[in-house]
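In what follows, a structure is listed as structure tokens, so that the remarks can point back to it.
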Amino acid sequence: MLLSSRALVGIGEASYATIAPTIIADLFPPEKRLRMLSVFYIAMPLGSALGYILGSRVSLLVHSINHQPGSWQWALRITPLPAVILAIVVLVLVKEPVRGSTDVGFSSTKGVQGKSGVKAYFEDVLYCLRNKSFVLSSLGYTAVTFTVGALAQFAPLFILRASCIVTKQYEEATADLLFGGVTVVAGIFGTLSGSELSRFLGRYTRKADAIVCAVGVAMGTPCLFLALTVIQYRIMAVSWVMVFLAEFFFCLNWAPVAAVLLYTVVPTRRATAEALQILMQHLLGDAFSPLVVGAISDMVYRFLGTYYTDSGSCDVGKGISLEFALFITVFVCGLGVAAFLSLTLVVENDRKAVERFSRGQRDREHANVNGGQWEEHTSDDEDESSRLLDEAVKEHLLSISAKT
């Protein structure tokens, strides 16, 4: 039942996260788009963290009332209610905008219409896979979601085990609450800061979003390494600070990554690109990382189990094995930095290509208003010019022969 429920949640999340950014792109011009996307993407860390906080508080509240185990079910009964309410609000209030109408060089009341059918879909997929900016930004984004997914799954457990080794052991709900609170604050400030930093750098370079993404992951990687390392020196406070900084820097790239996709992919293929990016980030990112980290932790624990003995309720070997396993996220973040740095080399050319496409759509629209298809109009002009040129050459040759 849990697996089926999670699958249904995933279908809804994937559908919503695929379409919503493209609607935002069509509602706001490029100079406002990044800020609006940052507001939208705050929901990712904020919603995740509120899930920890609300779930743990509700479970504790129910447990304090009935004094019976199994109160965790109430966390799953309460959290869907806001989603149902907001889904109804979106259905009633949000109107679909004209597709591509806010893009640079494009002005249309009809919007751009993509092709339909299986063949057209695979053409869209092939276009995305050939788009260097899309591929590199998706790989970098996947590296971040790999890390964030592993932390979301194992950070509270790691904190629980580390607190047992270092100081007095936390309660499980306390570890969830602390990690959720840190995630909320870091997510809000990180997402908004990434948006504003990109807007500021955008005054000087068209590569601003790619630079912010690269810098964010590059700064967050050593913070994550230190957060995992300093615990063994029994400095929990410093570890919490490093966790906050790592999440803050990782959240810098939520809005810029979305902006890169929206201005390097043509409007008719953005929804497909969003879907592919979401598939990649989940399949290779936050759905894959808990499996990898858990498997490594179990493998290390089988090796370390003979060297550590249980200290009451505190299993030192489990804490250390999970620490070793989480170090893989540091390596993956390094790959993400490389992808985002490579993105800075190609993003400008792909952005110009989309702007040329938008200007071409505008010219076609104007040609249709003046009568006739744009392509046919251009072709007719070329044929008429050739015909007039041929007649002029013939007349000139006839006049020369007459004089002769």
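The backbone N, Cα and C atoms fix where each Cβ goes, glycine too.
A quick note: this is a predicted structure, and the numbers were derived from the prediction, not measured.
Feature annotations, courtesy of TrEMBL:
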type: DOMAIN; residues: 1-351; note: domain 'Major facilitator superfamily (MFS) profile'
type: TRANSMEM; residues: 36-54; note: transmembrane segment
type: TRANSMEM; residues: 74-94; note: transmembrane segment
type: TRANSMEM; residues: 139-159; note: transmembrane segment
type: TRANSMEM; residues: 210-231; note: transmembrane segment
type: TRANSMEM; residues: 237-263; note: transmembrane segment
type: TRANSMEM; residues: 283-304; note: transmembrane segment
type: TRANSMEM; residues: 324-347; note: transmembrane segment
type: COMPBIAS; residues: 357-367; note: compositional bias 'Basic and acidic residues'
type: REGION; residues: 357-386; note: region 'Disordered'
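In summary, the transmembrane segment (283-304) does not lie against the transmembrane segment (237-263): fewer than three C-beta pairs, each 6 or more positions apart in sequence, are under 8 Å.
Counting only same-chain residues 6+ beyond the ends of the transmembrane segment (139-159), those with a CB under 8 A from a CB of the stretch are 48, 52, 170, 172, 175-176, 178-179, 213-214, 217, 224, 243, 247, 250, 253, 257, 277, 280-282, 284-290, 292-294, 297, 319, 322-323, 325-326, 328-329, 332-333, 335-337, 339-340, 343. Looking at the domain 'Major facilitator superfamily (MFS) profile' (1-351) alone, the prediction's average pLDDT is 82. Here the listed stretches are 36-54, 210-231, 324-347, and the one with the most C-beta pairs under 8 angstroms to the transmembrane segment (237-263) is 210-231.
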